[in-house]
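Features as listed in Swiss-Prot:
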- ASP78, ASP120, LYS121, GLU442: Mg(2+) binding site (BINDING)
- CYS119, CYS192: [2Fe-2S] cluster binding site (BINDING)
- LYS121: N6-carboxylysine (MOD_RES)
- SER468: active site, proton acceptor (ACT_SITE)
Amino acid sequence: MRSDMIKKGFDKAPHRSLLKATGLKDEDFDKPFIAICNSFIEIIPGHKHLNEFGKLVKEAVRAAGMVPFEFNTIGVDDGIAMGHIGMRYSLPSREIIADSVETVVNAHWFDGMICIPNCDKITPGMMMAALRINIPTVFVSGGPMAAGKTSKGEVVDLSSVFEGVGAYQSGKISEEELKDIEDHGCPSCGSCSGMFTANSMNCLCEVLGLALPGNGSILAIDPRREELIKQAAEKLKILIERDIKPRDIVTEEAIDDAFALDMAMGGSTNTVLHTLALAQEAGLDYDMNRIDAVSRRVPHLCKVSPASNWHMEDIDRAGGISAILKEISRKEGVLHLDRITATGQTLRENIAHAEIKDKEVIHSLENPHSEEGGLRILKGNLAKDGAVIKSGATEVKRFEGPCVIFNSQDEALAGIMLGKVKKGDVVVIRYEGPRGGPGMPEMLAPTSAIAGMGLGADVALLTDGRFSGASRGISVGHISPEAAAGGTIALLEQGDIVCIDVEERLLEVRVSDEELDKRKKEWKRPEAKVKTGWLGRYAQMVTSANTGAVLKIPDFD
């Protein structure tokens, strides 16, 4: 066993002595040592319950004849961090999480790992670590929360609260109505109830093969999640016995399948960023062109909040992620069904008995929302390395208008609230990319303000930053190269005409190459917003969004 490095041989007597101080007995040194990588944090509702959850995982690991050791990672609640400097720490926290898991696991020579993530950057951070460490691993997330209901019976979620602010600001609802939405938008523990980033990533974890069926959709408060814990411990033991590791599971074909699910269910645009980062950790050459190819062959079958009033509980009731996978598997060439997963079985075996139980929630291949995926990759002179739009969250397929430029999210939100944006405009928020932000903050506040003011179908928004999974409307993000790297978005001027063509996958500014070259020669990179601390280091090391915004290792040659 890998853990023999710290527990076998006369020279490891000091190590065993220290381990006995934690409560171990001599007989425990013949069992696998399992890292329980938890993320219990009281300020995050999706993680509030994970302390008790972790206890159940440890019990299940002991019952399977292994020895658990629990530790916790950090985490950032994107909703609470929204709209201030906290959002600059969100994406960078992914790297800290990956590094911290790598540090603890490799320093102590664990034989296997169970990861307990739930919310936005915690899940991809742990997934990156799992691929980097490459020991047998199973993920079991904390699960989504249920949707809420106002005193009038209206179904609401966190997206409703953000949009309620814009609605109140524009006089569409009263302060009492906003308070009612606030009080009921997040009714319990669990990841926010729509197809936002956290739930999108936990669903992708399931199809990638790192988590068990049900991981993405079973609610946090559902007793079936405890059964999932027991299965996770049992499956981990099998993975250890068969020496099946994350890099055996997460192949190029598995990532294809993850994006196939993503396109079918209309997941968050952040999945593109995080899955490209996973590919980097797995040593795979996977780019946005391949994502686009998947998008072209997979139909969009689900519209979940913020694209509709359906929520994760409805997806679960309708058959869960396995039902979506089973349906798209009917189309030839969409899924790679014979690859191994964390169950010890193939994807084909995992979904064999799945079926759609509500075709209003999960559409059939014969009745898709669209013939192509719910996410699209756009390119053009405004995004030479690519950009992402959640096409399933807007009915508008082509938009052209003059740009209204803001050089930060704060500037943009203030401008929107002051009425500087009108019907037909293209809002541009730049210098908010991985390097320029720094940290590539999410633009949920501006998109929610636009939607709440009733302009969701009449105003487009472009940014080199990110969008929350709760964002909707004509929102194009991840524009690469970013403004801080001298990308075309940095060269835009007030009133330039921008064209977004979702069907043709184009993002263009109606300015000649000669004029753009002239502007580029005159452009000067703004001074870095942050020069010290973690964000200062991050800004120096981070790569572009089109490569997952991972950190680059300096060349020491």
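Each residue, glycine too, has its Cβ placed from N, Cα and C.
Remember, predicted model here, so these are calculated numbers, not experimental data.
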In this structure, the one of the binding-site residues ASP78, ASP120 whose CB has the fewest other CB atoms within 10 Å is ASP78
Please name the residue among the binding-site residues CYS119, CYS192 whose C-beta has the most neighbouring C-beta atoms within 10 angstroms. CYS192
In the same chain, which residues outside the set ASP78, ASP120, LYS121, GLU442 have their CB within 8 A of the centroid of the CB atoms that define the Mg(2+) site? VAL76, ALA81, MET87, SER90, LEU91, CYS119, THR197, ALA198, ASN270, SER468
Far apart in sequence but close in space: which same-chain residues, 6 or more away, have a Cβ under 8 Å from GLU442 (Mg(2+) binding site)? ASP78, MET82, MET87, SER90, GLY465, ARG466, PHE467, SER468, SER471
How big is the gap, in Å, between the Cα of CYS192 ([2Fe-2S] cluster binding site) and that of LYS121 (Mg(2+) binding site), rounded to a whole number? 14
Test of understanding: give the count of other CB atoms lying within 10 angstroms of the CB of LYS121 (Mg(2+) binding site). 29
